[in-house]
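Structure first, commentary second.
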Amino acid sequence: MAISQAVLATVFGILGNIISFFVCLAPIPTFVRIYKRKSSEGYQSIPYVISLFSAMLWMYYAMIKKDAMMLITINSFAFVVQIVYISLFFFYAPKKEKTLTVKFVLFVDVLGFGAIFVLTYFIIHANKRVQVLGYICMVFALSVFVAPLGIIRKVIKTKSAEFMPFGLSFFLTLSAVMWFFYGLLLKDMNIALPNVLGFIFGVLQMILFLIYKKPGTKVLEPPGIKLQDISEHVVDVVRLSTMVCNSQMRTLVPQDSADMEATIDIDEKIKGDIEKNKDEKEVFLISKN
């Protein structure tokens, strides 16, 4: 018995929901760390503000379209999760970051979404509403999928995949596959097309990870700390280590006669100080007895 397109769309929608559910929960370790340390530790709220906007946009689209329940379920969940993330970040962030977060939320999530809602609901005719909103969602989704280009460029430039978590790339690629088939089976190119690009970039990221992966290397750039700052600290440590090693191993390094005489004088002086301290200690003990 042939399976209908509607049933297949539901199956891929459920699979997409399950995978996207875990992707939404991926930042939990970050916020557990923020909660335990009572500090945002240099993390930024921008990704979560953008994710909140995306969830609002796709929820609105699914409600207008009326036959995309799977989009409503996952984006409703994402909406709640992103609000929790932003709230936790705001609570533990310094004053400057709090102000910046409020500005982003007002500009992107309130004014941005508000403008789209007014345009599509009150200005655009009902017959064109879904089409126009679909184009807006598609353009936004494409811009989000293009975002990893910065990471890809960084991996190629540094020839290191330490900035690119393979697991997240894999699940995002898998999610793109599920939502592509969901959109294709619903004959909705606004859902399907952006996920083609998402799949391509996801596969590219995994290939680059396998090419530039360094076995045993788990060095990651902590949020809020630049590699330049780390390298400066490393240089200082190397200098300090060099000074210690030189002082301990000077007798192994060839020296000219002047240096040797100076070294002997210093050593004799140190020995004399030790003997003097020893004699003073003995005199102190005798006088005490």
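Here the Cβ of each residue, glycine as well, is placed from N, Cα and C on the backbone.
Relative to the membrane, Ile3 and Asn190 are annotated in Swiss-Prot as lying on a common side. Fewer than three CB pairs closer than 8 A are found between the transmembrane segment (71-91) and the transmembrane segment (166-186), and contact between the two stretches is not assigned (pairs 6 or more residues apart). In terms of DSSP secondary structure, the topological domain 'Extracellular' (187-190) contains 2 helix, 0 strand, 2 coil.
Of the Cβ pairs linking the transmembrane segment (44-64) with the transmembrane segment (132-152) and spaced 6 or more residues apart, 3 or more are under 8 Å, so the two regions touch. Summarised as a single figure, the pLDDT of the domain 'MtN3/slv 1' (11-96) averages 93.
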